[in-house]
Amino acid sequence: MSINNQRSFFFNVDWLTVLLYLALCTIGWFNIHAAVFDEKHPSIIDASTNYGKQFIYINVSIVVAIVILLLESRFLTALAPAFYGITVLLLILVLVVGRNVGGNQAWINIGGGFRLQPSEFAKFSTCLLLARYLSSVNIKVTELKSFLIAAAIIGFPMLLIMLQPDTGSTLVFCSLIFVLYREGLSPYFLVISGLLIVLFVVSLLYNPLYVVLTLVIIAALIIFLFRKHRQLIFTMLVGLAISVTFIFCVKFIYSHVLKPHQTERINILLGITTDLRGKGYNVNQSKIAIGSGKLWGKGYLHGTQTKYAFVPEQSTDFIFCTVGEEWGFAGSVVVIGLYLFLILRVIYLAERQRSPFSRIYGYGVASVLFFHVVINIGMTIGIVPVIGIPLPFISYGGSSLLSFTILLFILVKLDSNRMGIV
Amino acid sequence: MNKFFERRYVVTGIFLVIMITLLGRLYYIQIVDDRYTIYANSNVRRVQIQYPSRGPILDRNGKILVQNVPIYDILVNPKDVKPFDTLKFCKLIGIDKEGFEKRMVKAIKYSPNKESIFEKQLPYELYAAFQERLPEFPGFDVLPRTVRTYPDSTAAQFLGFIGEVQDRDIKRSNGYYKSGDYIGVTGVEKFYEQVLRGQRGVKVQMVDSRGIPKGSFANGALDTLPRAGERLTSSLDIDLQKLGEKLMKNKLGSIVAIEPSSGEILCYVSSPTYDPNLMVGRERGNNAAKLYNDPYNPFFIRPIQAYYAPGSSFKPLSALIAIQEGVITPQTTYYCPGYYVAGNRRVPCFHHEVHGEVNLAKAVAESCNGYFDMVFEKLINRNGAKKTDTSFNYWRNNVAKFGLGSRLGLDMPSEGRGNLPKASYYDKVYHKGGWRSSTVISLGIGQGELLATPLQLANIEATIANRGFYYKPHLIKAIGDKQVIKHEYNVKNYVGVDSQYFKPVIDGMQNVVEYGTARASKIPGIIMCGKTGTAQKAVGIDNSVFVAFAPRENPKIAIAVVVEDAGQGGTWAAPIASFIVEQYLRKSISQRPSGITPDYYMNANLLPDLNISLQNMLKERRRDSIRAVRADSIRKVKNDSIKKAAQLKTANNNKSGGLSGLLTSRRTGK
């Protein structure tokens with residue numbers, strides 16, 4: 001490889017994405033500093049503290065990012081199944097030798113006080129293999145066989161992670177439905193998924209009988225209005241039948257499939273139960289932290305909720321509280337803006353790829369990022385149930401930062417090479 | 001580009017909408033909804049009340065009656081407790097192992113992370129030993145507080161005591177008091193609570209999620225300093241008070257002495273009394289229970305709550321009203337054959353003594369019942385027998401001006417009214433028109449339904465001493481360092497008798513002490529004017545009553561002494577009063593010509609036998625209580641006794657109840 005090639009290679013890197021990435025990492029680092037501030041170790045680079053450690057993780061991640069940029073693109077495509085295989089092996093391994101933290105058997109000790117979370121790495125390896133499979137010649141998502149294989153690629157790690165059981169990380173893979181949609185999956189899947197979520201919530205909030213009655217009336221109205229479209233009538237009737245069945249299944253899912261702490265979280269979210277001292281404590285305190293930030297926030301290291309540890313898990317899953325409390329609505333807008341900008345940029349990068357592999361992978365990155373951001377911030381402000389997944393680049397944690405870095409920089413690498421042949 | 005290219009806009013659209021939803025929600029909770037700021041503040045803010053020290057109370061000469069001493073609460077924070085020598089610990093603070101465990105469980109139940117009170121009110125002696133060893137007991141701490149202390153153990157019923165607030169106090173205070181706060185429960189402590197308690201300060205602190213303090217909130221901008229309670233200067237003379245309590249030891253009764261020129265109460269004895277220090281400290285609960293169960297009822301504030309028939313001590317007042325109304329003159333004479341005939345009744349003089357020809361002064365000096373029955377009949381019959389009730393009410397109103405039958409408005413809680421019946425009362429008992437002056441003749445000599453508190457009796461003497469007016473009697477003469485005096489205490493209350501009419505009555509009162517019924521109590525060199533009373537009760541021994549003021553010119557002290565179940569006024573009450581008067585005027589007690597000494601009175605035990613008292617009590621319930629009415633027709637007697645019994649019952653229910661309750665109502669002289 002000549003020096004000339006090297007130069008052009010760095011020239012092709014999408015610096016905007018890199019800048020957004022660095023901005024988010026830095027914001028995360030400072031907010032972790034505030035969240036777990038220790039008066040005995042005030043320095044932000046003191047390695048005995050979590051903010052010092054995060055600084056190390058950021059540096060390691062940058063090194064890893066550079067390494068990825070130096071790799072051959074072909075290498076990534078070729079090794080996609082290998083990455084996937086290793087991840088699956090690790091996911092199985094973690095079930096055997098893993099360390100149980102907070103009820104999830106998600107961690108493998110790798111010595112030196114560091115731990116590895118295989119489910120974090122499953123995200124990019126699944127995206128890679130999915131991209132590899134869907135970009136193969138003659139594969140169309142619209143065909144049932146291909147769809148099932150694609151679904152299996154996504155579903156297998158999901159199953160293993162569910163066994164840990166880490167519900168949050170499992171659900172992340174659902175976001176890949178956007179990838180499938182972009183590649184041709186029928187929009188009905190999106191609509192039906194959305195409908196099912198709405199039905200789930202509605203039938204928990206109201207008496208299922210009334211919900212069914214309402215649905216029947218709506219269906220009857222639609223059928224009456226479009227009575228000349230036979231096809232539509234049929235679809236409506238099938239849809240109605242499925243909906244009604246689903247509604248009656250909700251109670252069953254609720255009491256048999258979901259775990260008690262999960263139903264409790266949903267109950268709290270929907271306001272069916274209030275338990276501000278027990279199960280609902282976390283979200284309530286989180287809302288108080290964010291809500292009390294007002295427009296400009298209380299200032300760096302001056303958030304009372306943050307400083308006096310009212311929100312548990314504040315450096316990891318609830319890191320957004322620190323943003324909301326100390327930087328206010330202004331800070332929240334900046335952070336969400338950065339995410340939105342990054343995600344849209346990722347979609348833009350994906351769309352400008354010549355190779356389907358890169359495009360599909362790009363959509364995977366955007367979907368995973370989007371899901372993490374929405375669910376994480378949503379739960380801190382009490383609009384989605386508490387699901388323990390980190391805020392990308394900002395939450396404290398080496399595994400998560402590293403895996404998001406790899407996830408993103410593989411795309412940056414692919415993009416920098418978009419003119420070449422993959 | 002592929003054929004699903006346009007789907008990028010759908011995906012982007014969905015992402016945008018959902019992200020904007022997040023922003024909308026954030027806008028709502030951060031900008032629109034203000035509740036969270038309040039919640040966040042209430043999370044971290046702990047308002048700590050800074051208690052001011054309670055105001056001390058001094059006597060009229062600046063000697064301390066109550067002040068504060070430090071005591072020490074032991075606090076425990078279960079989180080920090082590590083294994084230690086519990087046996088040694090228990091020994092140091094004087095509790096047993098069981099008590100230790102009980103307290104520990106309570107503390108953990110309160111909060112495993114927060115400090116709570118482990119043991120209250122450790123006295124200094126125990127604290128000193130404990131403090132030295134404190135480092136051996138991690139998790140324990142000591143909080144200094146103050147409690148009341150009474151250096152002279154005197155004037156318990158005057159001072160009252162403080163105690164933890166009850167729920168109703170908290171409700172009534174509009175949130176000022178919190179559970180565990182202290183408040184004046186009785187006496188001055190209650191009446192002057194708002195002055196004594198001072199003004200609280202607050203310290204706003206920041207705490208973390210576990211309640212651990214993290215410094216002051218907003219650099220102390222919201223903090224206020226406590227302001228100590230005002231100092232009260234009482235009108236009592238501590239030496240007089242102590243002498244009075246000694247003289248009344250082992251007797252039931254009361255002494256009230258007033259400075260006529262100001263209305264200030266100099267001496268306020270209620271006997272039996274108790275050591276106010278008993279109501280403080282760790283043994284308070286046990287002590288209080290013992291005192292509550294004491295059949296002689298030391299918590300009964302006799303100076304203002306006990307009702308006694310004034311007996312003959314009422315006669316000077318009777319005479320004054322009669323002169324003012326013009327029904328007699330000082331020269332009016334009456335021949336006393338040893339009794340007085342009223343209607344078909346014969347009212348005897350004391351011991352059926354024949355006084356012969358008596359004028360006003362002599363009648364007072366020798367306590368001639370006949371003379372005053374005559375006076376009373378003249379007053380009540382002045383408009384003829386048919387207008388008995390209007391004349392009676394006229395008489396009643398004149399008596400009421402002296403403060404009988406209503407509260408004098410003493411600066412103490414639970415003052416009693418006494419009893420001064422209206423005509424309507426007799427109308428009810430005997431039906432309208434069914435009674436004559438002869439029926440109620442005993443009122444003329446301070447008996448019958450007429451009942452007064454020792455304070456009222458003393459106040460009448462202050463009025464006579466002032467020749468016609470009194471200042472509202474009060475126990476606190478000045479408030480605070482500025483010595484603020486309430487305006488109402490500077491107002492003369494006239495009783496409607498011209499000052500010129502007092503001389504003959506006072507002459508008589510002087511003679512009472514010079515050669516009359518109280519001659520044994522004559523103080524060499526001091527002219528004391530007084531009147532004995534031997535207040536009859538239906539059963540048991542009479543109450544010994546003596547009222548007086550001295551010296552005759554420019555009086556300095558007016559006094560009322562009641563000794564229950566003691567017999568004649570001259571025997572017990574008068575000598576006791578004379579010692580108090582002399583002590584106050586001379587600061588010493590001289591040799592008496594009669595040979596009486598304070599020691600004899602201090603050592604005498606006149607407490608009634610409880611068994612006999614109880615039997616009398618039960619007897620009394622079945623009998624008519626007014627001896628004078630006994631001669632009336634049987635029907636009237638019956639009516640009356642039923643009425644009385646019912647009244648007595650309710651009276652008992654209203655009082656503290658039990659044996660002490662029975663005794664109490666009996667002593668009111670019904």
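Cβ coordinates come from backbone N, Cα and C, glycine included.
Automatic prediction, not curation, is the source of TrEMBL annotations.
What TrEMBL annotates here:
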{"type": "TRANSMEM", "residues": "A:12-34", "note": "transmembrane segment"}
{"type": "TRANSMEM", "residues": "A:54-71", "note": "transmembrane segment"}
{"type": "TRANSMEM", "residues": "A:78-97", "note": "transmembrane segment"}
{"type": "TRANSMEM", "residues": "A:144-163", "note": "transmembrane segment"}
{"type": "TRANSMEM", "residues": "A:208-226", "note": "transmembrane segment"}
{"type": "TRANSMEM", "residues": "A:233-254", "note": "transmembrane segment"}
{"type": "TRANSMEM", "residues": "A:327-348", "note": "transmembrane segment"}
{"type": "TRANSMEM", "residues": "A:360-387", "note": "transmembrane segment"}
{"type": "TRANSMEM", "residues": "A:393-412", "note": "transmembrane segment"}
Same-chain residue ranges lying at least 6 outside the transmembrane segment (A:233-254) that approach it to Cβ under 8 Å: 195-196, 199-200, 203-204, 208, 211-212, 215-216, 219, 222-223, 226-227, 263
Contact set, same chain, for the transmembrane segment (A:360-387): CB under 8 Å, 6 or more residues outside the stretch: 123-124, 126-128, 130-131, 134-135, 167-168, 171-172, 174-179, 182-183, 262, 265-266, 268-269, 282-283, 286-287, 290, 317-318, 320-321, 324, 336, 339, 342-343, 346-347, 349-351, 353, 395, 404, 407-408, 410-411, 414-415
Long-range Cβ neighbours of the transmembrane segment (A:393-412) (under 8 Å; 6 or more residues past either end): 13-14, 17-18, 21, 24-25, 27-28, 31-32, 35-36, 50-51, 53-54, 57-58, 60-62, 64-65, 68-69, 76, 114-117, 120-121, 123-124, 127-128, 315-317, 319-320, 323, 335, 346, 349-350, 358, 361-362, 365, 368-369, 376
Long-range environment of the transmembrane segment (A:78-97) - Cβ separation under 8 angstroms, sequence gap at least 6: 105-108, 116, 118-119, 121-122, 124-126, 128-129, 131-132, 153, 156-157, 160-161, 163-164
Positions on the same chain near the transmembrane segment (A:12-34), where near means CB under 8 A and six or more residues out: 44, 50-51, 54-55, 58, 61, 65, 69, 300-301, 303, 306-307, 315, 319, 322-323, 326, 335, 338-339, 341-342, 345-346, 349, 391-396, 401, 405, 408, 411-412, 415-419
Surrounding residues of the transmembrane segment (A:208-226) on its own chain - C-beta under 8 Å, 6+ positions past either end: 199, 202, 232-233, 236-237, 239-240, 243-244, 247-248, 250-251
